[in-house]
């Protein structure tokens with residue numbers, strides 16, 4: 001295609017690109033109506049020639065129309081390929097029919113020829129060239145596609161399109177594709193496998209198969225029935241064997257053809273050779289006379305009688321349905337009256353209860369031995385039960401009673417578990433040996449559980465019993481372990497009598513010796529006046545009476561150079577400050593009473609809450625309104641501090657180590673009892689927390705005897 005030819009095409013015809021989809025429909029109409037529209041084409045061609053010069057400068061002014069046309073051509077590419085191919089076929093016919101009248105027609109025809117040339121010259125692989133050439137060439141034919149009735153409308157549209165500019169021509173449109181031809185060699189063809197069917201077997205392979213099987217040509221259809229000889233050969237093939245001869249070649253061929261008909265080609269190839277060898281062996285051994293004799297023994301084949309369809313009866317569906325028949329005896333109703341169990345009735349017609357079974361009597365040892373010895377001696381019969389019973393009575397007197405009880409169970413177990421000896425299997429066990437063995441056994445004691453039926457045993461085991469533990473309640477405590485309380489006439493429990501002997505009043509030396517054990521080393525036994533038992537009791541009483549002085553004296557003694565005699569003197573003076581021990585009223589009460597008293601919530605008056613509870617020693621302080629205060633302890637303290645260290649009181653020397661109990665040195669001997677008890681109550685209060693009421697009670701009790 002030359003660039004001059006593309007320029008000669010009017011711009012208005014090039015801009016008719018959007019009408020490309022309608023080109024295929026009106027292609028044939030353009031050929032038929034072309035002679036009728038010669039006048040219109042001549043007029044339009046003149047108009048296009050005049051405005052072709054105006055369209056060229058407009059091509060550069062409006063470049064935006066190019067992408068619009070390119071998008072339309074790209075979307076309609078598939079339609080253009082088919083249309084161009086058809087237009088190329090119709091082009092020679094159009095050229096022959098069109099008369100060569102005017103140069104204006106030649107221009108339009110030249111545009112059509114250019115489109116045809118581009119379509120023909122383009123090769124199948126030139127896809128780019130087709131896209132470029134279709135855009136200017138195809139719109140030429142869109143002009144005469146319109147029918148004759150719409151000629152005025154087409155002219156108006158053409159005039160309107162002429163005002164628009166054409167697409168810019170680029171160098172790519174002028175370039176031609178010079179590369180190799182593009183072809184699509186891929187094609188899907190179905191190739192059948194060789195030998196899958198008989199038709200696909202090559203002729204050379206058929207000749208090889210025919211030679212191998214001994215078949216020269218295609219098998220002929222043998223519709224003849226098999227004779228008696230052939231049937232005999234077929235039946236007797238499994239019974240005979242021998243060397244092959246040339247007598248039975250015809251039967252081989254006929255039988256092989258039958259096999260070929262029934263089987264496929266693959267099975268014929270593998271199965272035919274062994275059949276030939278086998279049948280050659282069979283036919284040689286049998287002679288014709290033997291075959292004739294064998295065939296004569298067989299009768300003639302009788303034709304099967306044809307079935308008479310009239311004799312066949314149709315089965316009704318209703319009768320053919322399955323019916324469920326009850327078996328005899330499956331239900332109680334189906335049991336015949338003769339076989340039914342009739343319960344035994346009494347005179348009144350009530351059924352009689354079955355008699356209770358007699359309890360089996362305890363078997364003797366001899367009976368058990370007889371039962372056990374049956375396996376060893378099968379020929380021996382059972383003896384009468386009377387004979388062994390007499391012997392068991394004799395065995396009672398002979399065997400001692402204690403031995404019989406111990407031997408009874410152990411001997412039976414040994415008999416049951418002992419393995420059979422091989423010597424006993426040969427002969428029978430003599431009766432004397434069995435009797436001697438029975439005499440050595442004691443009498444079996446009757447088990448009380450043997451008489452019970454099995455059901456009762458199972459029920460007893462299956463029951464779940466809730467048993468109270470021993471001692472869980474007071475009722476379950478055995479009487480030997482119960483605590484018996486001694487009560488008086490009123491029913492109140494009596495206090496146990498004091499078993500301890502009342503100790504004589506303790507001297508100061510004894511108390512000092514008991515208290516000074518922790519401070520000094522071991523003393524001689526001659527210094528003590530009482531025995532060791534009384535000393536231990538006295539020490540425990542002193543400790544319980546004065547807890548403040550004893551419990552808090554945990555500090556180690558000073559390592560001084562004083563002698564033991566000085567310590568004894570100091571302890572003697574310290575013991576003088578202690579009062580005499582008073583009996584505790586709560587000491588003899590039982591433990592149960594103490595627990596009950598503690599559990600009860602009682603209101604007790606606090607010390608000093610009322611005037612009655614104030615101790616008499618402190619009442620004068622309230623009467624004097626706090627003016628008179630005890631000045632004696634500080635005066636003593638000041639006097640003692642003025643004394644030299646050598647003349648110091650031994651009580652102060654000992655009490656210096658007791659940091660937690662300084663009240664003993666400050667108080668006088670007259671008020672020593674009250675203050676020591678107060679110090680004990682004050683020391684117990686922070687430890688026990690909520691036990692201040694009990695301490696107040698003790699102070700009240702100590703104050704009352706003083707008032708008396």
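Residue numbering: from 1, along the chain as shown.
Using the three backbone atoms N, Cα and C, a Cβ is placed for every residue, glycine included.
Note that the structure is predicted; figures quoted are calculated from it, not measured.
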Quick check on the record annotations: which of 45, 337, 527 is tagged phosphoserine by Swiss-Prot? 527
Swiss-Prot lists as phosphoserine, out of 75, 549, 577, residue 577
Quickly, which of 270, 373, 681 does Swiss-Prot have down as phosphoserine? Just give the residue. 373
Model confidence over the repeat 'Inhibitory domain 3' (446-499), as mean pLDDT, sits at 73
Looking at the modified residues 364, 373, the one with the fewest other Cβ atoms inside 10 Å is 373
Which of 366, 516, 577, all modified residues, has a Cβ with the fewest other Cβ atoms inside 10 Å: 577
How many Å lie between the Cα of residue 364 (phosphoserine) and the Cα of residue 440 (phosphoserine)? 13
When the modified residues 440, 563 are compared by other Cβ atoms within 10 Å, fewest goes to 563
Reduced to three states, what secondary structure does DSSP give residue 516 (phosphoserine)? coil
